[in-house]
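What Swiss-Prot records for Gly106, Val107, Ile108, Gly109, Asp110, Thr130, Thr131, Lys142, Lys151, Phe169, Phe170, Ala171, Thr172 is NAD(+) binding site, and it gives sequence analysis as the kind of evidence. Marked as Zn(2+) binding site by Swiss-Prot: Glu184, His247, His264.
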Amino acid sequence: MPEITVRAKSKTYPVYINEFALDDVRGKWTESLAKYSHVFVLTDGHVAELHKSKLDEILTDLPVVTYYVAPNGEEAKTFRVYEDVMTKMIESGLDRKAVLIAFGGGVIGDLGGFVASTYMRGIPFYQVPTTVLAHDSAVGGKVAINHPLGKNMIGNFYQPEAVIYDTQFFATLPEREMRSGFAEMIKHALISDYTLLRALMDTFTEPKDFYTKDLTPFLQRGIEIKANIVAQDETEQGVRAYLNFGHTFGHALEAYGNFSKWLHGEAITYGMIYALTMSETIYGLDFNLAEFKTWLRNLGYDTTFDVTVPFSNILENMRHDKKTTFNEISMVLLKEIGKPVIFKAEDELIFETYKRVMRNGEDAF
């Protein structure tokens, strides 16, 4: 089974990835879990309905297991749900020798990691992601909840004990969720390797390919790219910011849509094309953007806006981005594919780029 080692400054841990990862690690994982006083599983309603029985089968011999089922989607990453999870943990008698399992997509991983990092000043946790999107968020230790004014504004850096990534769960993902997660795979290729991007474009040409082609080697490569960056810069003081390519504009768009209008990967896709457009302006990026947009459309990504998104809202949300310092908005741009750079963008440039990609319902991207 493919195994990747993440060597962050604070912790070294494995990422297990294949179609039957849970079965493959079951013996040694349950042996490790048995050492804890209490196992607390955080999941959401959708995952619980489809896959709880699989986890039950593995945890059946453990003496104390408690589940908390959070709301589906970004609604789970709120103060209200965070407090409710904490209340459940306290009422269930979890002590500092307890362990948390985040069983779900990126939202559950973010929430679960933040809960684990703050409960009694920190308890261990495991990431058991169930979505394509979570191949990015489950690795690297960035955990957070949202604030109404910005995404992931309240958070921490807190590494898991391990990531157990069982790709059999993908079979139940809706196409829209698959596409959302695939956007992060595209991001990893854009910031690291044109050859990887070309392989993605040649392998995945229509939506059904998400289910019929093998995602695992591409997911593994994306995780390796991220693990290498995290090893250099765990707390995002430098190169780790490159992983935010497309996220400055994308997060601003998510906030404008109240974290419900667009899925994360959908917003990030718009954000990546916004950043590619700005990269053409600033660095003369040599990249066939027209071919790239056509490929996205063939995969089912929406490349038009049917609503007017006010620039004032986007700009204000971009100012709340975590990379913004001294009121200067930092963008991750590309000098060329695989060569990202941090660029401090002035409002005029942000607006000019905005006008190029947001044409009030025309083919914005």
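Just so you know, glycine gets a Cβ as well, placed from its N, Cα and C.
Annotated features, which come from Swiss-Prot, shown on the structure.
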{"residue": "Gly106", "record": "NAD(+) binding site", "DSSP class": "helix"}
{"residue": "Thr131", "record": "NAD(+) binding site", "DSSP class": "coil"}
{"residue": "Lys151", "record": "NAD(+) binding site", "DSSP class": "strand"}
{"residue": "Phe170", "record": "NAD(+) binding site", "DSSP class": "helix"}
{"residue": "Glu184", "record": "Zn(2+) binding site", "DSSP class": "helix"}
{"residue": "His247", "record": "Zn(2+) binding site", "DSSP class": "helix"}
{"residue": "His264", "record": "Zn(2+) binding site", "DSSP class": "helix"}
Which residues, sitting 6 or more apart from Lys151 (NAD(+) binding site) on the same chain, put a CB under 8 Å from its CB?
His251, Glu254, Ala255, Phe259
I need the nearest neighbour of Asp110 (NAD(+) binding site) among the binding-site residues Glu184, His247, His264, using C-alpha distances.
His264
Between the binding-site residues Gly106, Ile108, Thr131, Phe170, Thr172, which lies closest to His264 (Zn(2+) binding site), Cα to Cα?
Gly106
Compute the C-alpha separation of Glu184 (Zn(2+) binding site) from Gly106 (NAD(+) binding site), stating it in Å without decimals.
12
Alpha-carbon spacing, Ile108 (NAD(+) binding site) to His247 (Zn(2+) binding site), which is rounded to whole Å
19
Would you kindly give the Cα-Cα distance separating His247 (Zn(2+) binding site) and Thr172 (NAD(+) binding site), rounded to the nearest Å?
27
For the recorded Zn(2+) site, enumerate neighbouring residues of the same chain (Cβ within 8 Å of the Cβ centroid of Glu184, His247, His264, site residues themselves excluded), in sequence order.
Leu133, Asp136, Ala183, Lys187, Gly246, Gly250, Gly265, Ala267, Ile268, Gly271
Check the binding-site residues Thr131, Thr172 for other C-beta atoms within 10 angstroms of each C-beta and report the one with the most.
Thr131
For Phe170 (NAD(+) binding site), nearby residues of its own chain (Cβ under 8 Å, 6 or more apart in sequence)
Thr131, Val132, Met178, Tyr211, Leu215
